[in-house]
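What Swiss-Prot says about this one:
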type: BINDING; residues: GLU116, ASP117, ILE118, VAL119, THR120, THR121, GLY122, LEU123, SER124; note: 5-phospho-alpha-D-ribose 1-diphosphate binding site
type: BINDING; residues: THR120, ARG148; note: orotate binding site
Amino acid sequence: MNTEDVLAVFREAGAILEGHFILTSGLRSPVFLQKARVFMHADKTEKLCKALAEKIQAADLGPIDYVVGPAIGGLIPSYETSRHLRVPSVWVERENGVFRLRRFDVPKGARVVIVEDIVTTGLSIRETIDCMKDLGIEVVAAACIVDRSAGKADVGTKLIALAEYEVPAYPADKLPPELAAIPAVKPGSRNI
């Protein structure tokens, strides 16, 4: 599955939105990938996550003990990808603004892959890596359905992206006039 195949799934689901969006990262963009419109369809989710699992396996990372998803956005793709990798899925969630592994006991030395939905700046993955390191868990790679940065985001580890789709993103004080003229909407989930 290549980038065009992935974007075709997003288009079928009506998940490529145009307007003025405040991304989870705080950056502004004329395009928003509303993955919830994809993930509400089990068949589309399975297709994408199976392909992502195959790409992870092809990366020859050695044994993987768990898949870790950052809540909220990474929950569905991490679970579905773990199903295809045939390993357990766990997640981190924010507690006082910091990712914590609250509901699971993952042994020290376990080898994990972090699976995220969309990467823009890589912050959620970096924060998940910090959490794993604090617990003595080895992050062997991160993976995502779409890398909006087209490989430019620093995620702190090897990033395996099913698709790279570079979309412009701007700081709020550096918007092009045509974007600034459109009222901004904030559809992300970081502060939930």
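Count begins at 1; order follows the chain as displayed.
Cβ from N, Cα, C; glycine included.
Recorded features from Swiss-Prot, shown on the structure.
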| residue | record | CB count, 10 Å |
| --- | --- | --- |
| GLU116 | 5-phospho-alpha-D-ribose 1-diphosphate binding site | 25 |
| ILE118 | 5-phospho-alpha-D-ribose 1-diphosphate binding site | 24 |
| THR120 | 5-phospho-alpha-D-ribose 1-diphosphate binding site | 23 |
| GLY122 | 5-phospho-alpha-D-ribose 1-diphosphate binding site | 22 |
| SER124 | 5-phospho-alpha-D-ribose 1-diphosphate binding site | 30 |
| ARG148 | orotate binding site | 26 |
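Each residue contributes its Cα atom, and for ARG148 (orotate binding site) and ILE118 (5-phospho-alpha-D-ribose 1-diphosphate binding site) these two points are 7 Å apart.
DSSP gives ILE118 (5-phospho-alpha-D-ribose 1-diphosphate binding site) a strand state. Within 8 Å of the centroid of the Cβ atoms of GLU116, ASP117, ILE118, VAL119, THR120, THR121, GLY122, LEU123, SER124, where the record puts 5-phospho-alpha-D-ribose 1-diphosphate, the same chain has further Cβ atoms from THR24, SER25, GLY73, ILE125, CYS144, ARG148, ALA153, VAL155.
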